[in-house]
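Asker: The N(1)-(5-phospho-beta-D-ribosyl)glycinamide binding site feature in Swiss-Prot is assigned to Glu21, Leu22, Glu81, Asp291, Lys360, Arg367, Arg368; the stated evidence is sequence analysis. Residues annotated as ATP binding site in Swiss-Prot: Arg114, Lys155, Ser160, Ser161, Gly162, Lys163, Gly164, Gln165, Glu195, Gly196, Arg197, Ile198, Glu203. Summarising the annotation, Swiss-Prot assigns Mg(2+) binding site to Glu272, Glu284. If you look up Swiss-Prot, you'll see 119-313 marked as domain 'ATP-grasp', on the strength of sequence analysis.
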Amino acid sequence: MRIGTPNSPSAVRVMLLGSGELGKEVAISLQRYGVEVIAVDRYAGAPAQQVAHRSHVVDMTDPGAIHRLVEFERPHFVVPEIEAIATDALVEIERAGLAEVVPNARAVQLTMNREGIRRLAAEKLGLPTSPYAFADSCAALAEAAAKIGFPCFVKPVMSSSGKGQSLLESPSDVQAAWDHARQGGRVGASRVIVEGRIDFDFEITLLTVRAPVSGGDAGIAFCEPVGHRQQAGDYVESWQPQSLNPKARERAEAIARTVVDALGGRGLFGVELFVRGDEVWFSEVSPRPHDTGMVTMVSQAQNEFELHVRAILGLPVDSSLRRPGASAVIYGGVAAEGIAFEGLERALAVPESEVRLFGKPEAHPRRRMGVALAAADTVEEARRRAVLAASRVRPVKIPA
């Protein structure tokens, strides 16, 4: 791999579609190798835009806007960081040879749609999943929920971070769940997936790297499993490693390898799985760094962002664990623009702790504005430290 100089004819150019906190870390990792970074988002001042060489504000659900921007910037790689993207434009860009889409346009298109990835995993690949059905009206949702059985979960086929998700306890919940899903869905979607509830012991994210190896073939590397705790479909803390018994570990890696190889391309994938004893079920997969994987910034030899970048650039990867670690989310707490944070000196007094503030220009009470990270000799101590550090960071609304 030859890498030139940013802002020169020799530069390797990467365009990030989506410039949130995960994209910011990807941008920083890219810049360590002298890659020219172009950050794109729907609003100005997004986290990755603050560290990129250039930035653009566009409607990423507009195929024409995406196509025109790629033609203007001529990146070598287009790296999606979010789901709310006009994936048809990525297919056209890839087909025309304008840029390499990471991991590839088909993978991005399938994984941004819960119906696409569920049908691939369950019906084509034969992977174990929860029972499921799809619905595109309130009446169809009622029928699907009755078929799957109560309690069950309802999710828009296109959404992220828990948006639009509901737990249905009885038929009386259907209308509210349908309305909530329509409000939380993306790209004008009004279709939902109904999932049966699995009685699992815990959830994991198995960060899986698909990267070129000698001879040009793609090799697979696994990080240690990441455990996480969610509220309302969004993660609030994660830790690594999550202990699995040998049989469950073998099954988890087999499922992850199968789905990642089926998607193809190169990069890091966040494969979400349910685990109960020896049993493992596929849940979802993201073809990019995963929010629960932010813990790897203190736990691994190379964090998930570095692994993603190395896979993209064809560089050697090392997914080994160095030390148990944990992360805990820091929320906005208030609804305001340009908030401040207090208590960092107390947070960083926690042993082996770090804090990342994302720099998002606008806060909401439940918006993720930062994360506390901690390492320790044990996962339990790392979790305690991360939660303590996060609790000491206080968002403050600045008077106008």
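Cβ atoms here come from the backbone N, Cα and C positions, even for glycine.
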Asker: Other than its own, how many Cβ atoms are within 10 Å of the Cβ belonging to Glu284 (Mg(2+) binding site)?
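Answerer: Here the count is 19.
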Asker: Measure from the Cβ of Gly164 (ATP binding site) and count the other Cβ atoms within 10 Å, all protein chains considered.
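Answerer: 24, counting other Cβ atoms within 10 Å of Gly164 (ATP binding site).
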Asker: Find the shortest Cα-Cα separation between Arg367 (N(1)-(5-phospho-beta-D-ribosyl)glycinamide binding site) and the binding-site residues Arg114, Gly164, Glu203, Glu272, and name the residue that gives it.
Answerer: Gly164
Asker: Where Glu195 (ATP binding site) and Glu284 (Mg(2+) binding site) are concerned, what is their Cα separation in Å, rounded?
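Answerer: That separation, Cα to Cα, works out to 12 Å.
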Asker: Using C-alpha positions only, work out which of the binding-site residues Glu21, Ser160, Arg368 is nearest to Glu284 (Mg(2+) binding site).
Answerer: Ser160
Asker: I'd like to confirm something. Which of the binding-site residues, Glu21, Asp291, Lys360, Arg368, has a Cα closest to the Cα of Arg114 (ATP binding site)?
Answerer: Asp291
Asker: Provide, as an integer number of angstrom, the distance between the C-alpha atoms of Lys360 (N(1)-(5-phospho-beta-D-ribosyl)glycinamide binding site) and Arg197 (ATP binding site).
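Answerer: Cα to Cα, Lys360 (N(1)-(5-phospho-beta-D-ribosyl)glycinamide binding site) and Arg197 (ATP binding site) are separated by 35 Å.
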Asker: Would you kindly give the Cα-Cα distance separating Glu272 (Mg(2+) binding site) and Glu21 (N(1)-(5-phospho-beta-D-ribosyl)glycinamide binding site), rounded to the nearest Å?
Answerer: 20
Asker: Once the DSSP letters are reduced so that anything not helix or strand counts as coil, what is Glu284 (Mg(2+) binding site)?
Answerer: strand
Asker: I'd like the Cβ neighbour count for Glu81 (N(1)-(5-phospho-beta-D-ribosyl)glycinamide binding site), meaning other Cβ atoms within 10 Å of its Cβ, all protein chains included.
Answerer: 24
